[in-house]
Structures are given as C-alpha cells and as structure tokens.
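According to Swiss-Prot, the features are:
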TOPO_DOM  1-28  topological domain 'Extracellular'
CARBOHYD  3  N-linked glycosylation site
CARBOHYD  10  N-linked glycosylation site
TRANSMEM  29-49  transmembrane segment
TOPO_DOM  50-87  topological domain 'Cytoplasmic'
TRANSMEM  88-108  transmembrane segment
TOPO_DOM  109-126  topological domain 'Extracellular'
TRANSMEM  127-147  transmembrane segment
TOPO_DOM  148-157  topological domain 'Cytoplasmic'
TRANSMEM  158-178  transmembrane segment
TOPO_DOM  179-195  topological domain 'Extracellular'
TRANSMEM  196-216  transmembrane segment
TOPO_DOM  217-224  topological domain 'Cytoplasmic'
TRANSMEM  225-245  transmembrane segment
TOPO_DOM  246-284  topological domain 'Extracellular'
TRANSMEM  285-305  transmembrane segment
TOPO_DOM  306-348  topological domain 'Cytoplasmic'
REGION    327-348  region 'Disordered'
MOD_RES   335  phosphoserine
C-alpha cells in the first residue's frame, strides 16, 4: 500500500502503516502572539479612554463615591447572588456551578469602559468603577467564593491569581492616568486620540471574540444548561445593574454606565482561575463557559448600543433632558456630550 495514502502530511517518520506525527503547537504560538498584541492594543485603547476622563470629576467620584458604591453592590452583591441562583435552579454539576460563581465574583472588564463611551455613559464613573472593582476583588473574590461555594466545594481549592489581578490593575491605571494627563494638558489633542481609540476599541472587542473562537474551537461542545446560563447571566447583570442604579436615584447616563459595569465581567481573569483550580478532566466540563459568557455579554452589549442609538434617532433627545437636578446631584451636562458626537441626531 502506498504510504502517502495513509500517512499524514505532517508525519516525520513512517514505517508501513505506522506514522509518527509531531504535535502541532499552532494554538500555543497563536495564543502567545495574540495575547501580547491584544495586551498592547488594550493598553493603547485604555490610554485613549483616559483622554475622556477629567481629573476633577474622577476625584469627585472618589470623594463622593455614591455611584461607585452602587456599582460595588452590583458587582459583588448582585452578580455572585445571580450566579448562585442560576446554578441552583439549573441543577448543574458542582464543578460547573463553581465556575459560574467564579464568573459572578470577577471584577468588571475593561470592555465596559469602551462601550460606556459609545452609549454616552459617564466615563469618569466607568473608569473609577472598573479600577475600584479590580482593587476590591483582591479581598471580595475570596469572600464571595467562600460564602457561595460552600455547598459544592472547599473554597480553599480555588486559586485566586493575585498576580493577574495586580497586572490587570496596573494595565488599567497607568494608561488611563497618562490619558487623563493628556486630557488635562492638551484637551483638543485628547479629543482626536479619543475618537481614534474608541473606534480601535470597538474593533478590539470583536477581535478578542474572534481569536477566542479560533483558539478554543474544539471546546465549544458543552452541556446545554451552561449555554442557557451563559445567555441569561450577562443580560441579568445588565438589567439588574440598571434598575438598582435607577432605584438609587442615579441619572440615566449613569444608569447605563452601572449596567455595563455590572454585566460585563473580566472573563480573562475567570479563565485563568479555572485553569489554575481544576484538573484536566474537570476542565473538559467547564472551560468553555467563560468563552460563552464573553460572546453573550458582547452580543447583548451590542443590542443595548443599537437600542440606544435607535432611541436617540427616533426621539431626538439627549441626556440633558433627563438629568434630575437635586441637591445631591447637581452635575452639569456631562463632558461626553460635547466630545462624542457620533450618535447625535441630525438637527435642522
């Protein structure tokens, strides 16, 4: 028999019907390259987002952290509880329930900052919430996991990658701080950088989703219940975050910001924790869940963006008409109204 008909083209040694095929390291190389490229791009995008953050307003959120406190309740109150309820209600395996809870306990992702710009959110609040949630995750993640995972597993077996959290914090704070400085010193140049960065950020979000699908295409076969949870979880976060912020008396543009910060999780951190905490056998059951959550949090974020753009075009209104002027919240029209003209309806 002709060996060429049975041997793999990648075979390095053939003897009869027996072939030795070297293991492909394409995914490992692609993962390393793309991880490096995406990290650099993300830092550049966060620098551009920082160009829309005003130092005085950012410090104002720190000094009067009512918006941050609402976000904290959503991030480490609503999301872990929602994950727990979904896990119990669906009756999934213990290891799967733990992964769902890990996702619920993660801090907000930087993608929320990019999307907050596109829906005319409060960029100062968005950046401060992401920074604070990442910092507080150092203590809140172990606490939330201890509270909610006791019925399934010893929380001590879950490895919290404090180094990854620290890197995420540095990768967020440094570029944004530089962007804030540029906005303070050269506001006109900052607007140009912001426009370019906002478009690059939108492309980056899509690129991350595509790369994830390519790298882990063989892992998409997973229990249907996890697909259902991965669909419900992000939209529940968006909805509950919005309504809690509204219940707390926050203006509409901040409600949208809190909604995004609540539903959009740091899925990369979740994937890291899962890989560090579970055996290869368990990983086969759960590894895809962070990818599923990533896909649906982006899908629903795109839907929210589309609804917002449609609403503005149909009604011709901006947030200034909806800002409640109270003694506790006498903010002027947000600066993003003057910067982000992309979704302003045409005026005669």
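The backbone N, Cα and C atoms fix where each Cβ goes, and this holds for glycine too.
Taking residue pairs at least 6 apart in sequence, the transmembrane segment (88-108) and the transmembrane segment (285-305) share three or more C-beta contacts under 8 angstroms. Long-range contacts of the transmembrane segment (88-108) within its own chain (CB-CB distance under 8 A, at least 6 residues past either end) are made by residues 71, 75-76, 79-82, 129-130, 133-134, 136-137, 140-141, 144-145, 148-149, 152-153, 158, 165, 168, 223, 225-226, 228-229, 233, 261-262, 264-267, 269-270, 273-274, 277-278, 282, 285-286, 289-290, 293. Taking DSSP states H, G and I as helix and E and B as strand, the topological domain 'Extracellular' (109-126) has 12 helix, 0 strand, 6 coil. Taken residue by residue, the topological domain 'Cytoplasmic' (50-87) breaks down under DSSP into 32 helix, 0 strand, 6 coil. With a cut-off of 8 Å between Cβ atoms, the residues of this chain six or more beyond the topological domain 'Cytoplasmic' (148-157) that come close are 80-81, 83-84, 94-95, 97-98, 101, 104-105, 142, 277. For the topological domain 'Cytoplasmic' (217-224), the mean pLDDT of the prediction comes to 67.
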